[in-house]
Amino acid sequence: MECVGVQNVGAMAVLTRPRLNRWSGGELCQEKSIFLAYEQYESKCNSSSGSDSCVVDKEDFADEEDYIKAGGSQLVFVQMQQKKDMDQQSKLSDELRQISAGQTVLDLVVIGCGPAGLALAAESAKLGLNVGLVGPDLPFTNNYGVWEDEFKDLGLQACIEHVWRDTIVYLDDDEPILIGRAYGRVSRHFLHEELLKRCVEAGVLYLNSKVDRIVEATNGQSLVECEGDVVIPCRFVTVASGAASGKFLQYELGSPRVSVQTAYGVEVEVDNNPFDPSLMVFMDYRDYLRHDAQSLEAKYPTFLYAMPMSPTRVFFEETCLASKDAMPFDLLKKKLMLRLNTLGVRIKEIYEEEWSYIPVGGSLPNTEQKTLAFGAAASMVHPATGYSVVRSLSEAPKCASVLANILRQHYSKNMLTSSSIPSISTQAWNTLWPQERKRQRSFFLFGLALILQLDIEGIRSFFRAFFRVPKWMWQGFLGSSLSSADLMLFAFYMFIIAPNDMRKGLIRHLLSDPTGATLIRTYLTF
């Protein structure tokens, strides 16, 4: 699915070499790349120093949940993905004026330089706010897949590098399902340059530094303390540093533990591409395993996600939709190679490897805190699909407008005091997480908990019913456009269409799983 990077990443100890499997025959040359990539990465780590070091301190994480969000047992691969060389992308420090720490009080500091952070900083500065952006100067390294019409609506169609006229789903050996919606692959380079250009034009300031902590001053200001004893005073701070932001934010207690979507991908030149280049393969759940590999499928059901860039160049990705414990990347790679071998695909050249790690579900931020959040740090990742970039980019203007209005109304009248901050921050939080959004999220969390319990045949059965509901429903579900009332209607249709064993499972899940009680309680709250 969509790949979302984890921006605030650190390790709890010195990196250790992951266990990598090698296989005989033709699979050996395909497996070499992950080993060589790790060797090159480890060498870079050993030779680096200072803020760019690959060894980070345990204190970078607030708790075990934060560590899992950052990458947990797969952290080394998450860091390898982050450290990819993307020479085409401009450096933020070369294009944006530097923050002069201590010389002025900024209206807003945005922590984190991913798509969410850049978008919010640019939109806020466009409205006249004095905005500072703080975070390591890293490129966009993840591949993003989007529905073409959604990116067009954002005015970002020029950032799409390839479009497929339709998307296709395979569940078993029966007829495939055409979704009826064009899909695009986003150019990392074009998206980075476009968002950076917007920041430059709006006058966003920048500091290439990690943030140590955020301190609330007695005068109502926030102090952003960075490396090297640099302190930036500001009126508001928004954390957009990825899912693992517990060091700066408080999250609600009592929510289900965060789950993880992992995917291993390769862009390759191949012989015998089995897929139509005009169609993007959204999910391929067909059976491809031999008896000696069934245990892999039993523990971690996965599907193939494929983007044919040409008749011979394809991006293949083996994806575990969600798991309580992250499916290891070496197992994902093994399953991908087994699948490609079964399909008769022979890899001639590897252009790039990708390690996608997306925390899904978990807790919402505590909306009574002054420090704000945006993007994955604000739990804006869709719990059931792993998508978040379109939502972050589409909601950035609205969030920026709310912040600008708050500052105009209160600061211009010298009303922004420490005592008024909590109620003012609540206004911003309620824009990001109104009750309607919370209802939708409770529905998705209920669905996520159900998916976590299903084996491969259960997942196929679920999606057979899913794609039999009215088309506008499942298209809206995948595009995150259904209201909470629409989602209830969707659930009703699913229940009517589903086989008896799934109906029983749905009732049991609603009555016994904590997400069922949360769903009912959230829907009844107004």
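Each residue, glycine too, has its Cβ placed from N, Cα and C.
Pulled from Swiss-Prot, these are the features on record:
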type	residues	note
BINDING	108-136	NAD(+) binding site
TRANSMEM	443-463	transmembrane segment
TRANSMEM	477-497	transmembrane segment
DSSP state at Gly132 (NAD(+) binding site), helix/strand/coil: strand
What three-state secondary structure does DSSP assign to Gly112 (NAD(+) binding site)? coil
Here the 10 Å Cβ neighbour count for Ser124 (NAD(+) binding site) comes out at 28
